[in-house]
Amino acid sequence: MAMKKLLIASLLFGSATVYGADGFVVNDIHFEGLQRVAVGAALLNMPVRVGDTVSDDDIGKTIRALFATGNFEDVRVLRDGNTLIVQVKERPTIASITFSGNKAVKEDMLKQNLEASGVRVGEALDRTTISNIEKGLEDFYYSVGKYSASVKAVVTPLPRNRVDLKLVFTEGVSAKIQQINIVGNHSFTTDELISRFQLRDEVPWWNVVGDRKYQKQKLAGDLETLRSFYLDRGYARFNIDSTQVSLTPDKKGIYVTINITEGPQFKLNSVIVSGNLAGHQSEAEKLTKIEPGELFNGSKVTRMEDDIKKMLGRYGYAYPRVVTQPEINDDDKTVKLHINVDAGNRFYVRHIRFEGNDTSKDSVLRREMRQMEGAWLGNDQVEAGKERLNRLGYFETVDVETQRVPGAADLVDVTYKVKERNTGSLNFGIGYGTESGVSFQVGVQQDNWLGTGNTVGINGTKNDYQTYAEFTLMDPYFTVDGVSLGGRIFYNDFKADNADLSGYTNSSYGADGTLGFPINENNSLRVGVGYVHNDLSDMLPQVAMWRYLESVGERPGYDGREGFTTDDFTLNLGWTYNNLDRGFFPTSGVKSSVNTKITVPGSDNEFYKVTFDTSAYQPLNEDRSWVLLGRGRLGYGDGIGSKEMPFYENFYAGGSSTVRGFRSNNIGPKAAYYANGGATVTNSTDAVGGNAMAVASIELITPTPFISEKYSNSVRTSIFIDSGTVWDTNWENTAKTRAAGIPDYGKASNIRVSAGVALQWMSPLGPLVFSYAKPVKDYEGDKSEQFQFNIGKTW
């Protein structure tokens, strides 16, 4: 019986066993201990084959190769004559992975990290990898201030060489900062410096940013804030010498000590721009001008670099290198800035692509582009395309990427990635007020009809006082130059008396069409014509109404009037300025418009109306979660010549679109009715509107509580103050009106004010809008409508 010789017994092969210079020829290879791993797979990983002449070095390579597969805990190679016997112990297979006690770290994140490390169900268990994962997770907890945290991997053996892996977390509590000390500050107090930190040793109740829980990343950010604070104030030699973080014995408290050297303040001496600026030296120098005696400012240096990059980017130099080297003169305390520029290659756009537009046609997006294919890359043109796509209102998000073309020194591809939102809506609206009760509204509208960018809509309202229906159509690119064409037809049966307005009924129908002409990127003009037929009846003898009838040659008497009709043709003119950052939930920019309507010869009436609307959004923080919104609306109309503007063209205020908290259309003059054959006048609470209006609103858009970042683009909350007034410039106080106690409706000073909160949500079920407002300043006869909501269905 041949004697087996032990060749290798560990991972590191030694040369203790020597077979001679020529080794031996392998006639056969046998494996012992294989369970999960197939013999063929094991043989493929071995550098030795049957028939090979092997030496001690070859055996060592064999063992290392088998260990490298990660399938074995132990490998031994023995020789029985000319047969190699490979004895292995397989690593156990992971049958399941579970977690316990993890609150700060979600299971999905843990599974992703384990997957990235090769730890997954069905794979072999590598105890070294598990130990590294334990340490890595504990380091993570330490970095967020949980110094008492521990992570232990519990391995439970199962039959057939399998194991259950369970990670047990003991997270503990976050260590809180007991004190932050800054040593070496002479020009500024410690409190003044710490007030700019996120980490605090004391956090007032009103500070929603400050945090006493220690986090390593936040400390690093605060140190950078401290450095920027000094560099922006001329301290060019400022340095953070050291930072000590000490832990209390119970691991629940943290003391932070920051040692700094302020150094003296330095002034800017001059700025020298040099290098390859591709012929744009003078433009770069204009961007780097300084004032005499100006302090050194680190942020300004960064802005100079960014401005030069943006300037070159407009001319196709997409990847310039801009480096600033400050030359500090400690004798006269000045700094000379040397800005070296290398414009690099000019890049041209090969392709512009769109991703995510499953509904919208490519042509709808492409016509908004200002960057052209084949032209040099202009960063401002690329950004303009992004802004215009956002402004369409079809997309929740728009991102743009510029990628260099592999193998080409001067070509890039531009890719716009969009996430479409539901632009079609089937809306069912409900309004409820303390006086108005319940009203209903239905509407079908598609702002991006079949992905063409056209708007098609059918809207209707039905309540106690109105039956309204309209069909609208608008093509924003009626011509390739961006001339738009829109139109609508409508029918309206309005019973003013049921709406607590001045008593009359108006059955009207009409149509209008409008052409829009783009002037530049942000301005456009509109020209349109319209026709409307009004059939008035059930008119009660109301002072302002009778004043209008008399101005058009009617003698209504004092018992009411039936069967008065008008046909009017109008010329409609408008202007719009829009630089909002997006069409849906804007966060910055201004949108303003002026609209004018004037009757033309052939009309029964002669009047004009002018309205001005504006909305301005100002972000208050970097991520634009806090935004200040200001809105305003002005309106004025009057008759031409001796005629008055029709009373049914009056302006109204109150309701969700003007002054929330007040009933719709209820703000302003109230009806004064003739009585006793015109001998007297009586007061009422029926609103009649006026020929002049002013509305203003200030709104603070805030982060929505308890909403994850995933839904932040579809939910908006705000706190607002609305104000407005409506008046009649043709109103005349007479002895009759004064005797009836009727106020002077010609005054613009009777301003109503309300305050409240609002929530808007583009939900999967449709657009939902909630508002609750309470009148702060009102007048006798005003009616409130404090709560309103709107529910819709989108597709």
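Cβ atoms here come from the backbone N, Cα and C positions, even for glycine.
Taken from Swiss-Prot, the feature domain 'POTRA 1' applies to 24-91.
Under the heading domain 'POTRA 2', Swiss-Prot lists 92-172.
Feature annotation from Swiss-Prot assigns domain 'POTRA 3' to 175-263; the stated evidence is sequence analysis. Across the domain 'POTRA 3' (175-263), DSSP assigns 21 helix, 29 strand, 39 coil.
As annotated by Swiss-Prot, domain 'POTRA 4' applies to 266-344, with the evidence given as sequence analysis.
Annotation source Swiss-Prot lists domain 'POTRA 5' at 347-421, citing sequence analysis.
Taken from Swiss-Prot, the feature signal peptide applies to 1-20.
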Q: Please spell out the DSSP helix, strand and coil residue counts for the domain 'POTRA 5' (347-421).
A: 19 helix, 29 strand, 27 coil
Q.
Per DSSP, what is the helix/strand/coil residue tally across the domain 'POTRA 4' (266-344)?
A. 22 helix, 29 strand, 28 coil
Q. So what's the mean pLDDT when you look at the domain 'POTRA 3' (175-263)?
A. 86
